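Below is one structure, written out as C-alpha cells, with a few remarks after it.
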Amino acid sequence: MLLKVFGSYKTTLFLLFILAVGAAVATFVENDFGTAVARHYVYNAIWYEAFLTLGALNLAIVLYRSKMILHVSRFTFHAAFILILIGAGLTHFLGVDGVMKIREGASSNVIFSNANNAEITLPFALHLNHFELERYYGSRSPSAYTSDVQVRDGNTSLDAKIFMNHTLTYKGYKFFQTFYDPDEKGTILSVTKDPGVEVTYVGYALLFLGLIFNLLDPKSRFRKLIAEVKSSSLLVLLALVVQTPLWCESDYVQNYLSEHQAKSKEVSDAFGKLVVQSRMGRMKPFDTLSQEVLYKLSGKNSLYDMDAMQIALGMLSHPTLWKNLPMIQTKTPKLRAFIGIPNDQKLASFNDFFNGHRYKLEAELQKAMAMKPSQRGTFENDLIKVDERLSIAFMLYQGVLFKIFPLPNDVNHTWLAFEQIFAQLKGDEAEKLQESSTAFIEALFERDYDKALLHVKTFSQFQSHYGADIMPSSTHIKMEILFNKLMIFERLTLAYVLLGLLLLGVAFGRVFAPKTFTCKLNRPLFFIVATLFVVHTCGLALRWYVSGHAPLSDTYESIVYIAWSCLLFCMLFMRTSLFALSGSVMMAGIFMFVAHLGHIDPEITNLVPVLKSFWLSVHVSIITASYGFLALGCALGFFTLILFTCKRSSQTVATIKHLTSINEITLILGLSLLVIGNFLGGIWANESWGRYWGWDPKETWAYISILVYTIILHVRLIPKFYSHYLFAVFSLLGFASILMTYFGVNFYLAGMHSYATGDPVPIPLWVYVCSGVVAGLIILSYKNRLLLKSSDA
C-alpha cells in the first residue's frame with residue numbers, strides 16, 4: 001500500500017508543487033532578509049533536501065511501475081534526473097568549495113570555505129607572478145583579467161594562466177578567476193574539488209540525448225500529437241494591441257530648420273561614418289551614437305523632418321537655437337504642468353526646464369531620488385528619466401559625446417572630444433586639427449555645409465592615422481549604418497501585429513464560416529509569414545555581425561530573439577495550422593512591441609568578461625527560445641478558453657481538441673528547451689566559476705518554471721482530475737512563472753542577473769488589467785468547462 005501511494009503520479013505532482021512553492025517563497029525571503037537566511041531555511045535546509053530525495057525515490061518507483069524502460073527515449077531523460085541528483089549530492093556533501101586570495105609576488109596554500117569560512121589547507125601552493133587587467137578602449141570597464149600563476153608542489157612547479165572561462169586543474173582541485181583586489185595587485189580565485197562532476201555530466205548528457213530523441217521518436221507523445229494535428233487543419237489567436245508640435249516663433253528659426261534639413265544631409269552622412277568611442281569603450285560609427293541619443297531624448301528616430309545625425313550636428317553647432325526646440329520626452333501631465341507647457345505637448349524644449357539659471361526640477365528631483373523605488377509614482381519616475389535626458393542633451397550641446405579623435409600613442413586607446421583636443425593634443429599637427437575643429441563648427445553654424453564637409457575628411461584622416469588599430473573596418477561601419485537605416489525590428493513590429501490580426505480573423509472565420517474562408521488562403525498567408533521570418537532572421541544576423549557577439553546579451557536582444565523563436569516553431573511544425581500560425585505571429589508582434597517600449601534600451605554594448613563564453617551563448621539562445629514556445633502555449637490556452645465561452649457544436653469541440661493538441665506539442669517542446677537551456681547554464685557556470693547552481697533568484701525562478709510546466713504536462717496522467725478546460729487554464733497561468741523569471745526577477749528581486757537593488761519598482765497598471773482580463777475569462781468559461789464530454793476527449 002505504501003509503495004502504491006508513494007509511487008503514484010499524485011505524489012509526484014504533490015512533491016513538485018512543494019518544491020516549486022518552497023523555492024518561490026525563498027526568493028522573496030532572500031530579497032528581504034538576505035541570502036544566508038534563504039539558504040538556512042530553504043535551499044540548504046534538511047526539509048528541502050528531504051523533498052528532493054523523496055522526489056528522486058518517487059521518480060525511480062514510477063519508472064519501475066510504469067515499465068518506462070521499454071520506451072528508451074522517455075526512460076533515458078527521466079532516469080537522467082536521478083543521476084543528476086546523485087551527482088549533486090556527491091558534490092554537496094563530499095566536495096570542496098572555497099576562495100583563495102593571493103597578492104602579486106606572494107604564495108598561498110589556504111582556501112576559505114564558502115560554507116562556514118573555515119580554512120582548508122591544500123597539499124600544494126599557488127604563487128602569483130603577475131595579475132593583468134585589460135579594459136575596453138578608453139574606458140574603465142574591464143574587458144578581461146588574467147592571473148599568471150605557478151603551482152609549487154615540493155620539487156614540482158607548473159606555470160599557468162587563469163582567466164575568465166579558462167581554468168587551472170591540479171590534483172583534482174580546479175581554480176577559477178573570480179575577481180581581483182581594488183588596487184589590481186592581487187587576485188581572487190574560486191577553488192573547487194568536485195567528486196560528483198563525472199556523474200553529473202553523464203546525467204546531463206543522458207538528459208540532453210533523451211529529450212532530443214524523445215522529440216524524434218515516432219512512438220513518443222510529441223510525435224503522436226503532431227500526427228493528430230496534421231490530420232486536421234485549423235488555428236486561433238487573440239490580439240490586444242494596442243505630434244510633435246512643430247512651431248517656431250521667428251522667421252530665422254524657420255529658415256534655419258528648412259535650410260539645415262535640406263542642405264546638411266551630405267555632411268551629416270559623412271560625419272556619421274566617423275568612428276566614435278562610447279562611454280563603455282565600444283567603437284562604433286557616429287551614426288549609431290546619434291540614433292541612440294535621439295531615441296533616448298525624444299523616443300523617436302527622427303524630428304523636424306531630419307534624421308538623428310542632422311539633429312546631432314545642429315545641437316553641436318547651434319545649441320542656443322536647439323535648446324528652444326521641443327525634443328525632450330515627458331510622460332506625465334503633472335510634469336508638463338510643473339514646467340509650464342500644454343498637457344498635449346509631449347515634447348519639451350531644454351529651456352522649458354530652466355527659469356533663468358534656476359533648474360525647475362531640482363527640489364522635486366531631490367525628493368524623488370530620496371524615495372525608495374517602490375514608493376515612486378509615475379511623476380517621480382518621469383522626473384528622474386527627464387533629468388537623465390537633460391544631462392544627455394547637455395553633453396551633446398557641449399560636444400562631450402563627440403569622442404572622435406584618438407589620443408596618439410595612448411596605451412589605453414583613449415579618444416577625445418572637441419574640447420579635449422585643445423588641452424591634451426600638442427604640436428603642429430594638433431594645432432591644425434584644433435583649427436579644423438573650430439572651423440568645422442563655425443561652418444555648420446554659418447550653414448556652409450560644403451566647407452564643413454572638407455573638415456570631416458580631415459577628421460577621418462586623423463582617425464585612420466592614429467586609431468586604425470582599434471577602428472572597425474570600413475565594411476563593418478557600412479553594415480552598422482545600413483542596420484541603423486533599415487530599422488528592421490521596428491518595422492517588423494507593426495507588420496506582425498497587422499498580419500496576426502488578419503490570420504486570427506481567418507482562423508476564426510474557418511471555424512464559424514468554413515465555406516467563406518477556404519483553404520486557398522493558407523499558402524499566400526504562409527508565404528507572407530515566411531518572408532517576415534526571413535527578414536527577422538537577417539536582422540538578427542546583421543546585429544550579430546555589428547555587435548561582434550550573439551544578439552542575446554541584454555533585455556532588448558533577448559526579447560527580439562524570443563519573438564523570432566515564436567515564428568520558428570510554426571515554420572518547423574505547424575505550417576498548415578492557422579491557429580498556431582496566428583498565435584505565433586501575434587506573440588511575435590507583442591514581444592516586438594514590448595521590446596520597443598521606451599524603458600527598454602536597444603543600444604548595442606560590449607560584453608563583460610564572464611559573458612564571453614561559448615556555453616553562455618548556447619545556454620541563453622536555447623532558454624530564451626523556450627520562452628517563445630511557452631508564450632505561444634499561453635496564447636493557445638487563451639484562445640481555447642474563448643471557445644469554451646461559445647455554445648457547444650461539433651465545430652467548436654473539434655477546434656478545442658485541435659488547439660489542445662497543438663498546445664501540448666508547444667509546451668513539450670518549450671519545456672524540453674527550457675530544461676536543456678538551464679542545464680547547459682549549469683555547465684557554463686561550472687566551467688566559468690566552479691559551481692553548477694547558486695540559487696540566484698533568476699536561476700531559482702527558471703527552476704520553478706521547469707517544475708510548473710512539468711506539473712502542467714503531467715496532470716493528464718490523473719484522468720479524474722484532467723480536462724481540456726483545466727489544461728487551457730494551466731497553460732495560460734503557467735506563463736506567469738516565465739514572466740517572473742524574465743521580468744519579475746530583473747526588476748523586483750536583487751541578484752546576479754537582476755537590474756533591481758532590492759527595492760521593487762511599482763507594478764505597472766497593465767499587469768493588473770491583464771490579470772483582470774485573464775481572471776474574467778477563466779470565470780466566464782468555467783460554466784462550460786464540461787463542453788467536451790468524456791466521449792469527446
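Glycine too: its Cβ is placed from the backbone N, Cα and C atoms.
TrEMBL entries are annotated by machine, without manual review.
Bear in mind that the values here come from a model prediction, so they are computed numbers and not experimental data.
The transmembrane segment feature in TrEMBL is assigned to 12-29 (among others).
Positions annotated as transmembrane segment by TrEMBL: 41-63 (among others).
Among the features that TrEMBL reports, transmembrane segment is placed at 75-94 (among others). Cβ atoms under 8 Å from those of the transmembrane segment (75-94) belong to residues 52-53, 55-56, 59-60, 63, 68-69, 194-204, 206-207, 209-211, 213-214, 679, 692-693 of the same chain, restricted to positions at least 6 beyond its ends.
Positions annotated as domain 'ResB-like' by TrEMBL: 75-182.
According to TrEMBL, the feature transmembrane segment maps to 494-513 (among others).
Under the heading transmembrane segment, TrEMBL lists 525-546 (among others). Long-range contacts of the transmembrane segment (525-546) within the same chain, counting only residues at least 6 positions beyond its ends with a Cβ under 8 Å from a Cβ of the stretch, are 476, 479-480, 482-483, 486, 488-489, 492, 495-496, 499, 502-503, 506, 557, 560-561, 563-564, 567-568, 570-571, 575, 578, 581, 584-585, 588, 604.
Marked as domain 'Cytochrome c assembly protein' by TrEMBL: 553-753.
Here the transmembrane segment (558-574) has Cβ contacts under 8 Å with residues 226, 229, 235, 489, 496, 529-530, 532-533, 536-537, 539-540, 551-552, 580-581, 584-585, 587-589, 591-592, 594-595, 600, 620-621, 624-629, 631-632, 662, 665-666, 669, 742 of the same chain, all six or more residues outside its ends. According to TrEMBL, the feature transmembrane segment maps to 558-574 (among others).
Residues or ranges marked as transmembrane segment in TrEMBL: 581-600 (among others).
The transmembrane segment annotation in TrEMBL covers 620-644 (among others).
The feature transmembrane segment is assigned by TrEMBL to 665-685 (among others).
Taken from TrEMBL, the feature transmembrane segment covers 700-718 (among others). Packing against the transmembrane segment (700-718) from elsewhere in the chain are residues 9-10, 12-13, 16-17, 19-20, 23-24, 26-27, 623, 630, 664, 667-668, 670-671, 674-675, 678, 681, 726-727, 730-731, 734, 737-738, 740-741, 744-745: each is 6 or more residues past its ends and has a CB under 8 Å from a CB in it.
Away from its own ends, the transmembrane segment (725-745) comes close to residues 27, 558, 627, 630-631, 633-634, 636-638, 640-641, 644, 659-660, 663-664, 667, 697-698, 701-702, 704-705, 708-709, 711-712, 715-716, 751, 753-754, 774, 778, 781-782, 784-788 of its chain (Cβ-Cβ under 8 Å, at least six residues beyond either end). Per TrEMBL, the feature transmembrane segment maps to 725-745 (among others).
Among the features that TrEMBL reports, transmembrane segment is placed at 765-782 (among others).
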Rounded mean pLDDT within the domain 'Cytochrome c assembly protein' (553-753) lands at 80
Interface present between the transmembrane segment (620-644) and the transmembrane segment (581-600) (three or more C-beta pairs under 8 A):
yes
Restricting to the same chain and to residues at least six past its boundaries, which positions have a Cβ under 8 Å from a Cβ of the transmembrane segment (41-63)?
3, 6-9, 11-12, 15-16, 18-19, 22-23, 25-26, 29, 69, 75, 78-79, 81-82, 85-86, 695
Do any residues, 6 or more residues outside the transmembrane segment (620-644), come within under 8 Å Cβ-to-Cβ of it, and if so which ones?
236-238, 550, 552, 558, 561-566, 568-569, 579-580, 583-584, 586-588, 591, 652, 655-656, 659-660, 662-663, 666-667, 669-674, 676-678, 680-681, 702, 705, 709, 724-725, 727-732, 734-735, 738, 742, 774, 777-778, 781, 784-785, 787
Intrachain residues whose Cβ lies under 8 Å of the transmembrane segment (665-685), provided they are six or more past its termini:
84, 201, 204, 207-208, 211-212, 214-215, 221-222, 225-226, 229, 569, 573-574, 580, 613, 615-616, 618-630, 632-633, 636, 691-694, 699, 702-703, 705-706, 709-710, 712-713, 731
